[in-house]
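J.: Have a look at this one.
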């Protein structure tokens, strides 16, 4: 679903009066904003528009830049832009690093064009100052430091001749003595700690990156727990949840995503045919499910996580409520004293028939009307209540909530806590959610690629079962389709390439996963070998790897209770090694590059690729095989003989190392005379081999 957008006052007063009007527009425009405090506005010609909002506290301006519709229909790559800066004693020069095709970029300044590939139009870069700030930016992208007297935000966007344009990037200029903390880093070129910059630029102005993710999440490993079925089922409470945190600590988990735990229509006792006790049908936003415990006991759980170095992410569900929420019950009951008030809190297909607007067949979770300032005011109070208690939000059905609301939530929570984290669920994923709305996105493209590969190898795979009995996956249709009749494992690389081709924000992170609470278990659907390879893909490709509770323990149903005491120990050991490998090798972390390499194999179920750390000091080759048995992959890389994942060595003798499928046996030896490749790797499921530098190779 495509995300929606609108014009809306921030921090609205439900009793206040608001009105939008177009104050300035391009010469040929006749566009107007619709009536109401939350308005729709559709520009009719390209150009810059100035809209004014009459509000109880005065008149506010908003600049809207409209671009022509591109002819490419999303087929051609979309521009991307990362805004850098060069500061002297007297001025700051903005330096846009703009990209038209994935992987090729040119840094320019001011109004200079950014050249794309041969035959592509050049890019122009436009600068805008936040409408709330008073600062001048010269057309060439320079700012006089003496003019920076208050905190100000600068935006830049790269534009192609056909209308394709990047998401905006931003820098925030903070003058000395404004009272902000000083833990920011100026001129950091990496995709690392984008959230803030440390030190001062010339003239005492600090440069911050408002769209960057908190440093703690960039190389984190996430664990999704199905809250009501993760603790011991004899007494599943917040207190018994604490008893199982040692499992997460030993596994190496950094972030715990808890599925909803508020008072709900879908709590304990919900049968599996209705999705089990998932909690996404909220009936009270300020009260935890009393069957799980008290608010104080939840806060004790968060404290226990923090003591183990684990951050906690709250599943924020504000697109809809349950149809048993008191607000909805009042909305449909004409005799209720608050009927008139709450009727306008929901969107309706047919109010007379009491048929609410709802997505798909989700009739029991009616959509809230975010066009009502009272709804926004209430939901912002929910955000304000929970944000100080946790470390981040994962937002359910984020695509159903207008972009303007998420921009306000982002600004609100990150202004209060620069380390707060926001993850959206938008399916299919939309890059529009990046750049000041969310730090990270569900990578549904990679998930779909893994599902497609699994379908291709599952026919006679050991351990494959019938599809589990669970709620309908409304997004089962893959958004990434293979070319031709025989999809191969290189689809995982195509999925990662899509992030840049679609114009994903350079600071955006991507949550990589094999399964979650809305999908069937990969182990059940495609077998053990495929699950091991898929798991390795999520940990060795760029992104934030996530484990869904039970993936590491051998669970075969979507939402079944955790199998404490009966875990698959070999599987658990495998995922512990993956976590350790990801954390210990910079070449596998977030800002390491991904490189397609030439390889040779006789099966479509195998793929190889390289990762290299930003300093170009360490490089690895990853080989994956999703099918049964083993595969041989030829590569032109001087790979070492030790598998970093298993620790196996002594491979130079040519002896084949045979292990069961839980570990992913590997063998590496010089290629035979008929091969055009220097080395051959034999892999059962996953192998990670360090590339030897020239001096190391000569010394052997």
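Residue numbers in this text run from 1 along the chain shown.
Glycine is treated like the rest: Cβ placed from N, Cα and C.
Caution: TrEMBL annotation is automatic and unverified by curators.
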J.: Using TrEMBL as the reference, determine which range in 11-37, 38-64, 65-91 is annotated region 'Disordered'.
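T.: From TrEMBL, the annotated region 'Disordered' range turns out to be 65-91.
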J.: According to TrEMBL, which of these ranges is region 'Disordered': 634-656, 657-679?
T.: 657-679
J.: Between 143-173, 174-204, I'd like to know which one TrEMBL lists as region 'Disordered'.
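T.: My reading of TrEMBL: the region 'Disordered' range is 174-204.
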J.: What counts of helix, strand and coil residues does DSSP assign across the compositional bias 'Basic and acidic residues' (75-91)?
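T.: Tallying H, G and I as helix, E and B as strand, the rest coil: 0 helix, 9 strand, 8 coil.
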